[in-house]
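As given in TrEMBL:
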ACT_SITE  K201  active site, schiff-base intermediate with substrate
ACT_SITE  K254  active site, schiff-base intermediate with substrate
BINDING   C120, C122, C130  Zn(2+) binding site
BINDING   R211, R223  5-aminolevulinate 1 binding site
BINDING   E239  Mg(2+) binding site
BINDING   S280, Y319  5-aminolevulinate 2 binding site
Amino acid sequence: MSYPTVRNRRLRRTSALRSLVRETVLSANDFIYPIFVTFGHNIKEEIPSMPGVYHLSMDRLEEEIRDVIAAGIQSVLLFGIPEHKDAIGASAYDANGIVQQAIRAVKEWAPELVVIADTCLCQFTDHGHCGIVHVHEATGTAEVDNDSSLDLLVQTAISQAQAGADIIAPSNMMDGFVLAIRDGLDEAGFSDIPILSYSVKYASAFYGPFRDAAHSAPQFGDRKTYQMDPANVREALREAESDVAEGADMLMVKPALAYLDVIKLLKEQFDLPVAAYNVSAEYSMVKAAAANGWIDERAVVLETLTGMKRAGADLIITYHAKDAARWLKGEE
Ligand code: PBG
């Protein structure tokens with residue numbers, strides 16, 4: 001007689017049994033919620049490609065912060081849309097820049113909320129690149145210059161720490177940015193402020209909606225000389241290794257869904273917390289399919305976030321954070 005000798009289904013028989021043997025459990029503590037802040041008054045404007053995500057002016061930010069806290073989330077990642085852009089992104093490191101103002105306000109309303117500042121120049125430069133652009137005289141080609149960009153990044157990080165940021169998250173992918181920022185923060189008296197490095201950031205098509213939202217698309221060329229080739233994973237190890245050596249406190253992989261293998265690898269290879277960035281187009285695709293009635297949004301979101309955590313993410317930056325936190329609490 002032939003019958004199964006192994007019965008894996010025994011542990012799946014009831015909901016209680018399944019929860020008893022569940023290996024990965026999502027929690028609102030895992031989530032970081034990104035917020036876009038803009039100048040102006042009484043602005044709460046939905047980003048067309050990101051339903052449920054808004055541009056908020058400072059006077060509408062407090063209600064958003066209250067909502068984030070009510071959902072049970074303890075951390076936000078702030079992005080700013082400046083009034084003026086120039087070649088050197090001067091408003092990125094202005095003490096009264098949009099991000100600096102927002103950090104100060106949020107820390108005043110909610111001192112316990114962990115405020116993370118994205119440290120980059122692309123929202124603030126008129127050319128939309130993440131560093132200073134130099135034009136080669138001989139060839140006429142434009143290049144993003146690594147070393148001269150570092151100084152501006154350091155100034156940006158210090159101004160964000162001075163405003164009260166709890167974590168600095170440099171995202172511009174210049175070589176040496178973690179070391180430069182660590183030294184700069186230490187010298188400015190912020191040796192206790194951790195760096196969450198966008199260590200492994202791919203040159204991805206999944207940032208499209210974000211660039212619409214942050215008005216940060218490059219005006220010429222692309223980001224492929226500083227962001228990574230999606231085909232590479234050994235290079236991801238080199239990026240993470242140098243960040244660890246330079247003093248990063250946490251490592252990030254971005255985007256998340258197409259790079260779960262990279263999340264797993266970093267988790268296995270390093271002892272630092274690993275963050276996954278569930279980026280804008282990953283959000284937009286779910287929203288679009290759900291709006292068409294093609295998928296069950298709640299189930300799909302919780303399944304994908306669980307997948308990121310199962311792959312090794314200790315933290316997940318996601319635009320779904322508020323919804324997911326409420327679903328986990330059993331609220332609609
Ligand atoms: C800034 C930055 C980007 C994102 C986060 N920080 C855009 C980019 O690199 O072009 C994308 C986030 C998302 O798509 O949700 N460098």
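Cβ atoms are placed via backbone N, Cα and C, with glycine included.
Sequence features annotated in TrEMBL and their locations in the structure.
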| residue | record | contacts (Cβ under 8 Å, 6+ apart) |
| --- | --- | --- |
| C120 | Zn(2+) binding site | A92, C130, L153, T156, P170, S171, N172 |
| C122 | Zn(2+) binding site | G89, G128, H129, C130, N172, A214, S216, P218 |
| K201 | active site, schiff-base intermediate with substrate | S171, M173, Q227, M228, M252, K254 |
| R211 | 5-aminolevulinate 1 binding site | A217 |
| R223 | 5-aminolevulinate 1 binding site | H129, C130, M173, A203 |
| E239 | Mg(2+) binding site | S199, V200, M228 |
| S280 | 5-aminolevulinate 2 binding site | S49, M50, F206, Y207, G208, P209, F210, A213, Y319 |
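Only C120, C122, S280, of the recorded positions C120, C122, E239, K254, S280, place a Cβ under 6 Å from an atom of ligand 1. Each of G89, L121, Q123, F124, T125, H129, G131, S171, N172, S216 belongs to the same chain as C120, C122, C130, is absent from that list, and has a C-beta within 8 angstroms of the C-beta centroid marking the Zn(2+) site.
Under the DSSP three-state reduction, R211 (5-aminolevulinate 1 binding site) is assigned to helix. Summarising the environment of Y319 (5-aminolevulinate 2 binding site), the number of other Cβ atoms within 10 Å of its Cβ, over all protein chains shown, is 27.
Sorted by the number of other CB atoms within 10 A, the recorded positions C130, K254 start with K254, the lowest. Under DSSP, K201 (active site, schiff-base intermediate with substrate) is assigned to a strand (E or B) in the three-state scheme.
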